[in-house]
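Heads up: the structure comes next, in structure tokens.
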Amino acid sequence: MSGSQHDHHTPDLFGDAPEADQPSAPAQVNAHLALSDTGELLALCERWVARGWLRDLDRALVRFLATEAPDAPPLLLLGAALASHQLGRGHVCLDINATLNAPDFALSLPPEGDDLTDPPPLPSEVLATLTLPDWQAALNHPTLISQGPGNTPLVRSDSEHTTRLYLRRYWQYEQTLHQEIANRLTPKDGDELNSTCRSPSHWWFDTSAIDSGTEPNGTCRSPIHRAMDDASHPDLLPNALNTLFQPTTTLDWQKTACALAARNRFGVITGGPGTGKTTTVVRLLALLQTLQLAQSPTQPLRIRLAAPTGKAAARLNESIAGQVSVLPIDALAELCDDAVTEQLQASIPTEVTTLHRLLGARPDTRHFRHNAANPLALDVLVIDEASMVDIEMMTAVLSALPAQAQLVLLGDKDQLASVEAGAVLGDLCRRAEAAHYTPETAQWLENATGQPLPEHYLDTNGQPLDQAITMLRVSHRFNAESGIGQLAQAINQPSHTQSEREKHQAVHGVLRHGYPDLHHLVLGGNAESREEDTALDKLVIHGSPDAFPSAGEGRTDHEGSPIAPPTGYRHYLNTLKAQRPQGLAFEEDKKAYNAWAGAVLSAYSHFQLLSALRKGPWGVEGLNLRIAKTLRSEKLLFGSDHILEKGWYEGRPVLVTQNDYGLKLMNGDIGITLAVPDPRTPGKSLLRVAFPTSDPEKPINWVLPSRLHAVETVFAMTVHKSQGSEFLHTALLLPPTPNPILTRELVYTGITRAREWLTLIEAKRGILNDAVTREVMRVSGLKGI
Ligand SMILES: Nc1ncnc2c1ncn2[C@@H]1O[C@H](COP(=O)(O)OP(=O)(O)OP(=O)(O)O)[C@@H](O)[C@H]1O
């Protein structure tokens, strides 16, 4: 869900707050009195809102609570304002202890882009004298806050380590998610998930402990678990796994992942780029269908594939089709001793939808057509790029999932979390690195896969959730020769395993090594400097191939095919010019125009500049205009300053920022503005924006610019928006000054968008060191399942 949609809907969180007249922000606020005087607190909120530190929404909540309960302690109101503010920063709740320990850092205030002239009181000033017991004592009020279920708008949750303050809706999401996942992991009949697996030929025994769906005898069984119980096909699971995976000398984590995900009604497969998540899930689907068809030859499982954005869905669509075509279908069908080859082939889906479409999004409401009362009609749901799914959407998915259905999440736990509140995948995978499989799980896995697990992955105290998660650990895209892979690995090294100095040395060791796919560009930190203009301009125009070893020539991919040298934006603009259909009418010769648009879009995907920030000269807003002007000076684009900044022009690449079902456009889609002949006025042309589709009959969606309301120019894209996309050559720009936004996760996410070439730009030397040692701390209570 996009940010603006979120803001639009959030007021129903606390009821219809009366929109009082908006007083102008008071010039002075007594920061200290704001802790004990409601009037002063409201005045402080006004100043923060006026400065853009709090949202209107946060202030509306505080005013509403103060009106509803005039006796509410000001510290409780302050907590509510900050809990609401934290939602806008991606946190599900306010961590009271962390806020007191480092107020400005915990609240990310002042925000990105604030120049700090005449600032309102900082949170650190306001909270300077407040103690934890005093704040905790104030978090009590009979109608505003409770410790759990109820009708109060706020919920307080105390644990050994901290007190967390939630807005009720988000507390409820967390509870639902926790419960739904636990239900899928915990048997209802009192048996243990990890019950004994007696021998390889009785591998199905312990899966009978996993419940799902209710049967007449009271146990809950999914179709897949009934199939696994089918004694007429002994050893089907190990045989099918051996058919899908070639024997290896080292532990094959993909095979492990496949077995574990088949075993549970809830599974997570996490791994970095190119570790084979897609490959594994295609084999998992083939495995599940084989098990199902062995038992019910005419009743394949209903499987759906989904991703959080249209872009991610399209990418999975592409890669999954290729993987399905190389499955050993005949060999699998033979295991079912029935003529099921055709069913097997036909029952593995390749079409990927967005989560919004799957759930049935409806305009102007955050409620979906599918929910607990109207569940989805499916047996297996796979969600790719799950790191981008926020807590609200994940809760909606789990609520709409029938009890017997299996859910498999795929994603990279180390990537940035969703822009919206919640880092569900990261929270679920907190312990994935060390696996924590119980000896029972390890035994079951050995029986199913023939692979013993090394001791250090075992833990007699492993939790049920640990047993459902597999981390893929070998990248098949980035080998030891790949600087991108090595850099990702060095950046991702967990902080508890090395000092900051060691991390800096490791990262710079990779950058200095001379890998063929890496270019490290360091600027002087001054956006106005001529010299920097030259280096940055050269990069965005040509891609600076000379800066790579051998000028980017002579590289081949793992299949031996040549890799095109790195390019900049000139590449797609040249394609636009060179391949423009000549003398053809737009409507009558659509095929030619579609081919042209397809070529331009494909050329565009060869290069993308990413920036960590939105505002300022180094943020996407400043960079977009700067790049458009640079390309104009090269005669690659045309238009006045005003047009380049605010208007439409041929060659303008745009990013969709909100789903538009009417136009069949999804948040994250990229289109390019092209001039096509105007059918009504011969000799004239008009602008249309070309978006790629997955429909071979209509490969390009041509949209009039005037119909596009939620788009932005995308010469520079924020790293957040780039999630789920990949570009042949990615240039990641880090701004010159330290910023809480610059974290290890952000740098990792940015560099792993690069498929073949990476240019890492430090606007000022040293900023990379600062970023890779800062980790995102998303506050939530989702753990311990
Ligand atoms: N076990 C394997 N042996 C050899 N090559 C493999 C193996 N698994 C995957 N690959 C290859 O590695 C590449 C990446 O695989 P895949 O697309 O499945 O990874 P992914 O984790 O889904 O990647 P992404 O990060 O793009 O989502 C593909 O070309 C695939 O064919």
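Positions of Cβ are set from backbone N, Cα and C atoms, glycine also.
Some features that TrEMBL has for this protein:
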type: REGION; residues: 1-26; note: region 'Disordered'
type: COMPBIAS; residues: 1-11; note: compositional bias 'Basic and acidic residues'
type: DOMAIN; residues: 51-158; note: domain 'RecBCD enzyme subunit RecD N-terminal'
type: BINDING; residues: Gly271, Gly272, Pro273, Gly274, Thr275, Gly276, Lys277, Thr278; note: ATP binding site
type: DOMAIN; residues: 714-761; note: domain 'UvrD-like helicase C-terminal'
Three-state secondary structure, Gly274 (ATP binding site) (per DSSP): coil
Segment confidence, the domain 'UvrD-like helicase C-terminal' (714-761), expressed as mean pLDDT: 91
Cβ-based neighbourhood (8 Å from the centroid) of the ATP site, residues Gly271, Gly272, Pro273, Gly274, Thr275, Gly276, Lys277, Thr278 excluded: Asp412, Leu472, Ser475, His476, Arg477
Other C-beta atoms that fall within 10 angstroms of the C-beta of Gly274 (ATP binding site): 22
For the domain 'UvrD-like helicase C-terminal' (714-761), the number of residues DSSP places in helix, strand and coil: 12 helix, 19 strand, 17 coil
Surrounding CB atoms that lie within 10 Å of the CB of Gly271 (ATP binding site), all protein chains: 24
Secondary structure content, the domain 'RecBCD enzyme subunit RecD N-terminal' (51-158) (per DSSP, counts of residues): 49 helix, 10 strand, 49 coil
Cβ packing number for Thr275 (ATP binding site), 10 Å threshold: 23
